[in-house]
Amino acid sequence: MTTEKVNLLDFDRKGLRTFFAEELGEKAFRAEQVMKWIYHFGCDDFDQMNNINKQLREKLKAKCEIRAPYVSEAQHSADGTIKWAMRVGDQDVETVYIPEDDRATLCVSSQVGCALECKFCSTAQQGFNRNLRVSEIIGQVWRAAREIGLEKETGRRPITNVVMMGMGEPLLNMKNLIPALEIMLDDLGFGLSKRRVTVSTSGVVSGLEQMIGQIDVALAISLHAPNDKLRSEIMPINDRWNIEAFLEVVRRYIASSNANRGKVTVEYVLLDHVNDGTEHAHELAELLKGTPCKINLIPFNPYPGSPYKKPSNSRIDRFQKTLMQYEHTVTIRKTRGDDIDAACGQLVGDVIDRTKRTKAKQFDGQAIPVKTL
């Protein structure tokens, strides 16, 4: 009988120290040495860890492994964006690398599929299967860093920012999200600034409540409508936590956070003749008066079978100018990777069981109203 090996990517620093002490009978500092090899050097071979004694290396080889998702497919956009299908178990999730002049952002998935069924999102139309483990979340960053390689060797910019905006709702996977974020921030992990790690949520209020005082990262909220009636039509989660409840906890989170510099990023996808009218812009501006924020407008990225369209440039421009009359900071997101379906809302992956919507639609014992496909 073969005993399954323990994947060390499933542990943040605290968890790894505990595992080394309690399960391996080793001093905690050894855990930190191994952690540095894993994340600073991208090492997944214990024999290469030359400051670890042979006895411990043999013990690690017998009981442990360093196993990240592997790339099953890679697509390269004309603008430099890369979309990877990362194999997790017997399924794929999608991870996107977005290079810019002064940074390189990695868009990371938190679930296989998504249970929230936002009407404009391609991922949601694929159904939900399961939450990703810590190793499958942080492993996307580990694998991407290895694929990109050193800038001097590949000419590609190393990853400077991580956004939890891939497949899934991050705050419905808190158990695995928090340790993964800790590794991103840890000096022995990827050592990213808390201002360079962003979590995006569609409005899981109870998850955001948990984050207050527990983890400090940049926050982006998927609002996408200026009133409850319209938001409930395109985002069923609004029937569980309405806009007022959502914004109230958002204000408390950013007040407790240093990473957000006192402001939250409000994401607003523009759907042609659905939520992009001048009246919607006025209503949105009034709604956000009490919430320190910057507004990021996202012109809809079409996908096959979608009932929505991208607004004309004139409608997008008019919406932005209306918001700016209220002295809001408003940007329009530049579409990246749309030629490989890697743009916002286009990620699909490979969801084997498209009917499974069980645990992930339960939060604090309350059912989130989502339809079963």
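Placement of Cβ uses the backbone N, Cα and C atoms for every residue, glycine included.
Given the structure is predicted, the values throughout are model-derived calculations rather than measurements.
Under DSSP, E94 (active site, proton acceptor) is assigned to a strand (E or B) in the three-state scheme. The feature active site, proton acceptor is assigned by Swiss-Prot to E94.
Regional average pLDDT for the domain 'Radical SAM core' (100-339) in the model is 94. Here Swiss-Prot flags 100-339 as domain 'Radical SAM core', drawing on sequence analysis.
DSSP classifies C107 (disulfide bond) as strand under the three-state reduction. The disulfide bond annotation in Swiss-Prot covers C107-C344, and the record cites sequence analysis as its basis.
According to Swiss-Prot, the [4Fe-4S] cluster binding site annotation covers C114, C118, C121, on the basis of sequence analysis. Annotation for C118 ([4Fe-4S] cluster binding site): spatial neighbours A124, S202, S222, H224, I234, M235, P236, I237, criterion Cβ-Cβ under 8 Å with sequence separation of six or more.
S222 (S-adenosyl-L-methionine binding site) falls within a strand when secondary structure is assigned with DSSP. Summarising the annotation, Swiss-Prot assigns S-adenosyl-L-methionine binding site to G168, E169, S200, S222, L223, H224, N301.
Taken from Swiss-Prot, the feature active site, S-methylcysteine intermediate applies to C344.
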| task | Filter the recorded positions E94, C107, C114 down to those whose C-alpha lies within 10 angstroms of the C-alpha of N301 (S-adenosyl-L-methionine binding site); answer none if the list is empty. | result | none
| field | Spatial neighbours of C107 (disulfide bond) among the recorded positions E94, G168, E169, L223 [C-alpha, 10 Å] | value | E94
| Counting all other Cβ atoms within 10 Å across every protein chain shown, which of the recorded positions C107, C114, C121, L223 scores highest? | C114
| Spatially closest candidate among E94, G168, S200, the listed recorded positions, to C121 ([4Fe-4S] cluster binding site) (Cα to Cα) | G168
| said: When you rank G168, E169, S200, L223 by Cα distance to E94 (active site, proton acceptor), which of the binding-site residues ends up on top as the closest? | reply: G168
| query | If you draw a 10 Å sphere around the Cβ of E169 (S-adenosyl-L-methionine binding site), how many other Cβ atoms fall inside it, taking every protein chain shown into account? | reply | 30
